[in-house]
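What follows is a short report on a single structure.
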Amino acid sequence: MAPGEGGYRQINKALNICAFEDYLEGQQKALPSLPDVEQISPRVLRVLGQNPASHCKFTLQGTNTFVVGTGPERLIVDTGQGIPEWADLIHETLARRGITLSHVLLTHWHGDHTGGVPDLIRMYPHLSSAIYKHEPSKTQQPITDGQIFRVEGATVRAVHTPGHSSDHMCFVLEEEHGMFTGDNILGHGTSAVEHLSTWMHTLYKMQAQDCTTGYPAHGIVISNLRTKIKGELAQKLQRERQVLKALVQAKQAERARMERAKGSVTVKELVATMYGNGVGAGIRELALEPFMDEVLRKLAEDGAVAFEVRGRVKKWFAPDA
């Protein structure tokens, strides 16, 4: 397995973003370029992961590594994908600035965030006992919801935020009312998620932290995190309304011919109704249909839709009120 591989290939009933390869390649051309190393706030230094062209092009400009604090000893959030150039850049940056590391905090298990851990331990052996992750491996330390990490100039509080992955953690930088959002909220576009309902509940939890600035694992600094989270929620709720409307219309159309009809449809039929025939088969099968299935499962959990099985085929419908 290539260095850092193992994130987006395993993730994702909600949206297999690799199916949007061509779209993302075009989108990436419009992304603003970011410097390899940038002091983005008095307490936060960002180092790019040198992985902008990863196997599924979802790392945007690359995975962001954050060096946090103001003193000679600082902590680091995420470790990139295991790209040798990233390790060299980290070593040079820390040496030039006279910085040592006390803690390594990992937002989640995906390889583009954890791939650099072996390089860090190789360069700084004392970190072998200072790698922290929720649901840790045998060689890692646990992170619990509400756990506090302190270095000079920075108090970092862990917040369990599942959705993109079950072990996902965000970190609140108390002094700045900032949040390291990991992959739950990106600097550009929207994220892929494992479980839509869980992710949406997590967004409300993130919203409740009342942070103003977001430091995402991919993309630019989010200057108004409250607005960004609100927009993400609004977008997903709008999609739910569109799905419900399509199911109601299917029921109404069938009931025009048969009084007690449910108008039940398959995921494939629903995608065809909502997106038309202009979308390629690959995107339909690998992205839109799994995403639609996740939306329907969330709506079913909410009691808004139901399904029946006909001839081993699951068909969804809007129940009567």
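Every residue gets a Cβ built from N, Cα and C, even glycine.
Feature list (source: Swiss-Prot):
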- D112: active site, proton donor/acceptor (ACT_SITE)
- H108, H110: Zn(2+) 1 binding site (BINDING)
- D112, H113: Zn(2+) 2 binding site (BINDING)
With neighbours defined as other CB atoms within 10 A, the best-packed of the binding-site residues H108, H113 is H113
The residue listed as 'active site, proton donor/acceptor' falls, by three-state DSSP, under helix
Counting every protein chain shown, other Cβ atoms within 10 Å of the Cβ of H110 (Zn(2+) 1 binding site) number 27
For the residue listed as 'active site, proton donor/acceptor', the number of neighbouring Cβ atoms whose distance to its own Cβ is within 10 Å equals 30
